[in-house]
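Annotated features, as they stand in TrEMBL:
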type	residues	note
DOMAIN	20-133	domain 'Ribose-phosphate pyrophosphokinase N-terminal'
DOMAIN	225-268	domain 'Phosphoribosyltransferase'
Amino acid sequence: MEVDKAETQNQQQKHKQVHLFYCLESEELARKIAGHSDLITLQSINWRNFDDGFPNLFINNAEDLRGQHVAFLACFSSPGVIFEQLSVIYALPRLFAASFTLVLPFFPTGSFERMEEEGDVATAFTMARILSNIPISRGGPTSLVIYDIHALQERFYFGDQVLPLFVTGIPLLKQRLHQLPESDKIAVAFPDDGAWKRFHKLLDHFPMVVCVKVREGDERIVRIKEGNPAGYHVVVVDDLVQSGGTLVECQKVLAAHGAAKVSAYVTHGVFPKRSWERFTHKNEGMENAFAYFWITDSCPHTVKAIANKRPFEVLSLAGSIADALQI
């Protein structure tokens, strides 16, 4: 009996009861995360503004957070919402929390990580510096959870006051592919060498095709660099999509080389200016271009926009985030 009691206590110590706050845009995802675990309790913030437009914020039940594990689910979907969320992010660890975790599924400035000429501003580095200055909690530095950051070297942009945890959405894709009836005839394609370097080790049991952009005159044309898509349901994999032009060109060249079907997966469906519309089956010329287009719910605006629109399917990060909050 004493042994059983000790084991029960050890199990309880291994699991954390987490108080999860969230921004308004991420409420649906936050509720899904809480639905995955009895160890996660949703908490709320009053998101208000003064007459001059600046945030008037209030963290509910703040005194109850002392000695508790606290997390915040952020969404930096536009510059206009970042300041109010940072205000909360900087305040939560100072409420004598036992630990603080920031979940930022999509690191929005990740594709602006380098300078090509003097005067360019690498805003990925700026954002990393801002997040690196989150106050430490009683338990130490903030844990920062990010999914499929655009460039792996960006992990070195963060300072020692935060502990970045870089996670991938690829397991969600693999799970979905195994559910397809033609799961034994699937190949994976990458739009460029960068995507191949990033993801090929996670998908190495699938046949692979690597595409490349080559310059012909004034145009950049997508070609197949290696691999044979003929007869396969080919899934183009990348970390994010903006306009989607490269994915469209990949689909064309894969179909021309005999692919039975073409689908796409990106962790982050950014789609500025409703660029997702070019992929819908109602769009002339795209009716059969993509069998499936999988995204995660890292970008809430897109998830709402593409709901019930073929060929889009959302693979939720909720379970993965719930697991990450226990690390």
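Cβ from N, Cα, C; glycine included.
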Across the domain 'Phosphoribosyltransferase' (225-268), DSSP yields 12 helix, 19 strand, 13 coil
DSSP assigns the residues of the domain 'Ribose-phosphate pyrophosphokinase N-terminal' (20-133) as 42 helix, 26 strand, 46 coil
